[in-house]
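Reading through the structure tokens given below for one structure.
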Amino acid sequence: DGCGHTVLGPESGTLASINYPRTSPNSTVCEWEIRVKPGQRVQLKFGDFDIDDSDSCHSSYLRVHNGIGPNRTEIGKFCGFDFQMDGLITSKSNEVTVQFMSGIHASGRGFLAAYSTTDKSDLITCLDNASHFSEPEFNKYCPAGCVIPFADISGTIPHGYRDSSSLCMAGVHAGVVSNTLGGQINVVISKGIPYYEGSLANNVTSKVGPLSTSLFTFKTSGCYGTLGMESGVIPDSQITSSSILEWPNQTGQVNIWKPENARLKRAGPPWAALISDEHQWLQIDLNKEKKITGIITTGSTLAEYYYYVSAYRILYSDDAQKWTVYREPGMDKDKVFQGNTELYQEVRNNFIPPIIARFFRINPLKWHQKIAMKVELLGCQFSIGRAPKITLPPPPPPPQNKNDEKNADFIDDFINSVKTSLQTDKTTFTPEIKNTTVTPSVTKDVALAAVLVPVLVMVFTTLILILVCAWHWRNRKKKTEGTYDLPYWDRAGWWKGMKQFLPTKSAEHEETPVRYSSSEISHLRPREVPTMLQTESAEYAQPLVGGIVGTLHQRSTFKPEEGKEASYADLDPYNSPIQEVYHAYAEPLPITGPEYATPIIMDMSSHPSTPLGVPSISTFKAGGNQAPPLVGTCSKLLSRTDSASSAQALYDIPKGQSGPGSADELVYQVPQSLALSTGIKDE
């Protein structure tokens, strides 16, 4: 009556004293007989040991024996409070007896121990958690029977488990190891998260957990993908059932809870059986053999219909005719899976080892009110590796002498060895699938790529920025220069240097008439208007006033206007002595010799005239100290000056500006307001 939690598997197991971890009762005894495969030995490891030693192990103790029965031999007798057992206790055979005796005592939790075969050198107990190990990644062997009521876990996959959780119990919850078989776990430690979710899986309830400094996850084969119920990869025609629930609602509409409704997370009603008994089933055809590693179930997910399945069996087949009930290895009874405890929560169960089949059936055994459920299958594709065929040579004729007998024996041995190798090669190979829970380790190539990719991105980004800046600077420069501005190589210095190599032309026969509109004349002050002005200069400067230019000189520096034409209404240089006005497109004049501005021919025939005799001032400066003539309707302008005081070229200067001469010489003439003929010739 002193036996507590006990699971004895074929290769590993867990045993504990009664009432552990609380104080064991007085005067109790328990004896465990452990057997493993012949040829193997047993190793025993204690997770906790707290037995009263007040009487020097006389009435309360733990004794370990080699063998079973009367011929067993004692390995050791142990007692003590918080006794730390160093190392493992190893047997000499495949059989071990463990005896616990509890006498009269006031305290003592008892013990918890794990065992396995000696080839599991990294054995741990069900009480070990991630905080007991400092390595960032490690492999351990979990014994069978680690689903214990006195251990807690927090978290779930794929997010991870809190570091205070039992490693082996979390491994069962994650579906990495079986509670009845135990198994190897590959643990990875990483940074903790603020909140750990709770869930029910493989008959283990994970609780909600708070923030922790670290967490752990498991590396797996990665064969835990969904097989197509939720996504619709499995068509409706491949989902069948034993019966379908049909019933009319209050409005008289018939509700049909068909088997194709049994898709996890699909809105609407589930599949429900017409009759609720143990002979109902839901069948899924996967179209070909698949490796099925788990199943997720929910209830009806409809608040008004509180239906769910709480326990079920699993059957599988390759032809939908002969069915096999799922059992765990070494067990002689069917495996019963824990289902839902309410209608909303998703409950996961894993198959260890996995199921290889095409047809999959769920057989409900227990339910709440009615059989109703939604499901999803977990797994991956399945492929079979086949050994190559080897053609054996024909058997030799019967031997005639001793040498032939030796040859025949050699050939027989060769054939037997080939057959043996063929039988050994007929194995099933599981495809290698990368872990979906934990990121696989990074290789050197990945590390190199992680360095090169950011460098290349930075280089290309820099080049793009340089090109964008250059394009922006170029557009900005074009806007600054203007539409008709000269390029940098055609500026004044270059142009002046080239002018001396160009032949000069006589402009005696070339005239550039300038016409004025009536609106422009109205802005002029009443002055005498000469009928025609001309000069013998071959080069021309840009006009100082805007006007409607009819034709341009062949070598004139005028450029065609775009858009709105300039006029005296917009700009009057004569009435603005302070403001300096320059034409936007004027080019520099050559420095080779004294020359004058372009002659202006004004046609006043179409404009009203002002009274004669009104003094007017010419817009051209006279040479020397000679006073400008104020006679006639037209006057001549000398092309060049002979005065010694005017050794350099004199140009037209607007009123109010300082020029090369004195202020007294700034005398101007303005065309008179006379109706003149447009055909005046040069003198």
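Cβ from N, Cα, C; glycine included.
The disulfide entry in TrEMBL for CYS3 points, among CYS30, CYS57, to CYS30. Annotation for CYS3 (disulfide bond): same-chain Cβ neighbours under 8 Å, separated by at least 6 residues, are LEU15, SER17, ILE18, CYS30, TRP32, PHE100. Secondary structure of the domain 'CUB' (3-118) per DSSP, as helix, strand and coil residue counts: 0 helix, 61 strand, 55 coil. The number of other CB atoms found within 10 A of the CB of CYS30 (disulfide bond), across every protein chain shown, is 21. Secondary structure of the domain 'LCCL' (120-216) per DSSP, as helix, strand and coil residue counts: 11 helix, 38 strand, 48 coil.
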